[in-house]
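Here is the structure we will look at, set down as structure tokens.
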Amino acid sequence: NLFGNNSYVYYYQSAFRPPNGWHLHGGAYEVVNVSTESSNAGTTECTAGAIYWSKNFSAASVAMTAPQNGMLWSTAQFCTAHCNFTDFVVFVTHCYKSASGSCPLTGLIPQYHIRISAMKNSSLFYNLTVAVTKYPRFKSLQCVNNMTSVYLNGDLVFTSNETKDVSAAGVHFKAGGPITYKVMREVKALAYFVNGTAQDVILCDGSPTGLLACQYNTGNFSDGFYPFTNSSLVKEKFIVYRESSVNTTLDVTNFTFSNVSNATPNTGGVHTIQLYQTSTAQSGYYNFNFSFLSSFIYKESDYMYGSYHPSCKFRLETINNGLXFNPLSVSLGYGPIQGGCKQSVFENRATCCYAYSYNGPPLCKGVYRGELTKSFECGLLVFVTKTDGSRIQTRNEPFTLTQHNYNNITLDRCVEYNIYGRVGQGFITNVTNYAINYNYLADGGMAILDTSGAIDIFVVQGEYGLNYYKVNPCEDVNQQFVVSGGKLVGILTSRNETGSQPLENQFYIKIINGTRRSRR
């Protein structure tokens, strides 16, 4: 039934006429996701004869249903519905318009008729024109991967020899909605046939009823116990940590600079300023030690004179205050305070330049044309080459990260675990109520191991005290379904699951709705 959001549909080929009885067969599609849409035509009407609206999927089947009364084949309500199988598109539309630009995909369609078409690489390769007397209103379009089948109002209107998942689908409409999109997964089904017609269907969907029926290949059971196996698909993983928090101290690389006492003056121009103690940061945390600058005098920027660092909003004394960079390189040089910094930045020797005076001799040559042979006061020039980013960060002290660990333990299903460093698969149950009165895990122990070395019982400190958990095998070889009065009423298992009741040396889990699925 396409109109039930928690429902399923079952298709079988008309040539499939098995003998009377139960038969395991493909062709069932179960709803796994539902969404609705009220309208997607922004103008006074939708555009017929064209595909204007689509939603992306990756599904075995997608069903698009209108309200049960259906929608009129009119641009005031419904225009086009389509199924996209990646390589080609199947769509149903109408278009009784002759104006220029109308019906771009189909051309004029006769009045009171609809068109079912298939298109590949912008070329139509299938066309079927049907009178609306057969389909008075649009009610549903379902796209199915098996043989790329398309069903209009429940009738098969297109199929091919390919099987492909649905990649997109949509309904373009103005009113009469909402349209409900149902994404479906393919499951096997056990169907009961009478005279070649399916009368009853049980989905092999992992539910208790599906497990029982599809394993025994029948839907009719007398009262009794029925052993069964169920291979669990592990989808979840959790970690139980030894410590509630872990502190990690990150290394800080230190670059310490010092005065160069035997530095030679430049001989004219910035390219003759020799570089010393070049230090380049790659990534991580860094500290730049310029303590020797305390005996130098910082020179502010004054036109050609002094420092020049408009691209660096910091002084060297504050470079360690958590600043972030991508590449960062620092060098020392000795050159003229007059023009040495500004011209070095202009000629791309550095991004920024900081000038310091130490009352040096006037032995440095000029850096500008016409001043290359003139002598100026020598000073200390600190060159910084950088771009902003996040790979490098400066720090005044080592940096400590604190990681807080939270133990979110997944119960009552097969999971992958990492418990205090031991890994494996298991079915975890809470046994605190059974272990609280016994001397489990004495002397501060955290886990009890079985003979194979795997974890059997482990303890976790909870908000209100210690909690004990048992690791069971994912597959219970002793589990049995219980049938009473022809209905599935419970499960006998050797595992103490949440909500189970002790029954001698086993546990009983009651099934509230154990009746088999019936055809809707």
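Quick reminder: no glycine exception, Cβ is built from N, Cα and C everywhere.
Look at Swiss-Prot and you will find 1-520 tagged as topological domain 'Extracellular', backed by sequence analysis.
Among the features that Swiss-Prot reports, N-linked glycosylation site is placed at Asn5 (among others).
Secondary structure at Asn33 (N-linked glycosylation site), taken from DSSP and collapsed to helix, strand or coil, is strand. Around Asn33 (N-linked glycosylation site), the C-beta neighbours below 8 angstroms that are at least 6 residues distant in the chain are Lys182, Val183. Here Swiss-Prot flags Asn33 (among others) as N-linked glycosylation site, drawing on sequence analysis.
For Asn56 (among others), the entry in Swiss-Prot reads N-linked glycosylation site, with the evidence type sequence analysis. Taken residue by residue with DSSP, Asn56 (N-linked glycosylation site) is part of a strand.
Sequence-distant neighbours of Asn121 (N-linked glycosylation site): no residue of the same chain at least 6 apart has a C-beta under 8 Å from its C-beta. Under the three-state DSSP scheme, Asn121 (N-linked glycosylation site) falls in the coil class. Summarising the annotation, Swiss-Prot assigns N-linked glycosylation site to Asn121 (among others) and lists sequence analysis as the type of evidence.
Swiss-Prot lists Asn146 (among others) with the feature N-linked glycosylation site. According to its DSSP assignment, Asn146 (N-linked glycosylation site) is helical.
Less than 8 angstroms from the CB of Asn161 (N-linked glycosylation site) sit Met147, each of them six or more residues away in the same chain. In three-state terms derived from DSSP, Asn161 (N-linked glycosylation site) belongs to neither a helical nor a strand segment and is classed as coil. The N-linked glycosylation site annotation in Swiss-Prot covers Asn161 (among others) and rests on sequence analysis.
The feature N-linked glycosylation site is assigned by Swiss-Prot to Asn220 (among others), with sequence analysis given as support. Its Cβ taken as reference, Asn220 (N-linked glycosylation site) is surrounded by 12 other Cβ atoms within 10 Å in the chains shown.
According to DSSP, Asn254 (N-linked glycosylation site) is assigned to a strand segment. A C-beta separation below 8 Å, combined with a sequence spacing of at least six in one chain, links Asn254 (N-linked glycosylation site) to Tyr286, Asn287, Asn289. Residues or ranges marked as N-linked glycosylation site in Swiss-Prot: Asn254 (among others).
The N-linked glycosylation site feature in Swiss-Prot is assigned to Asn259 (among others); the stated evidence is sequence analysis. When Cβ atoms from all protein chains are considered, those within 10 Å of Asn259 (N-linked glycosylation site) total 15, not counting its own.
Within 10 Å of the C-beta of Asn408 (N-linked glycosylation site) there are 7 other C-beta atoms, taking all protein chains into account. As annotated by Swiss-Prot, N-linked glycosylation site applies to Asn408 (among others).
Per Swiss-Prot, the feature N-linked glycosylation site maps to Asn496 (among others); the stated evidence is sequence analysis.
Under the heading N-linked glycosylation site, Swiss-Prot lists Asn513 (among others).
A gap of 19 Å separates the Cα atoms of Asn56 (N-linked glycosylation site) and Asn146 (N-linked glycosylation site).
In three-state terms derived from DSSP, Asn259 (N-linked glycosylation site) belongs to neither a helical nor a strand segment and is classed as coil.
Using CA atoms as reference points, the glycosylation sites Asn146, Asn220, Asn408 were checked against Asn259 (N-linked glycosylation site), and the closest is Asn408.
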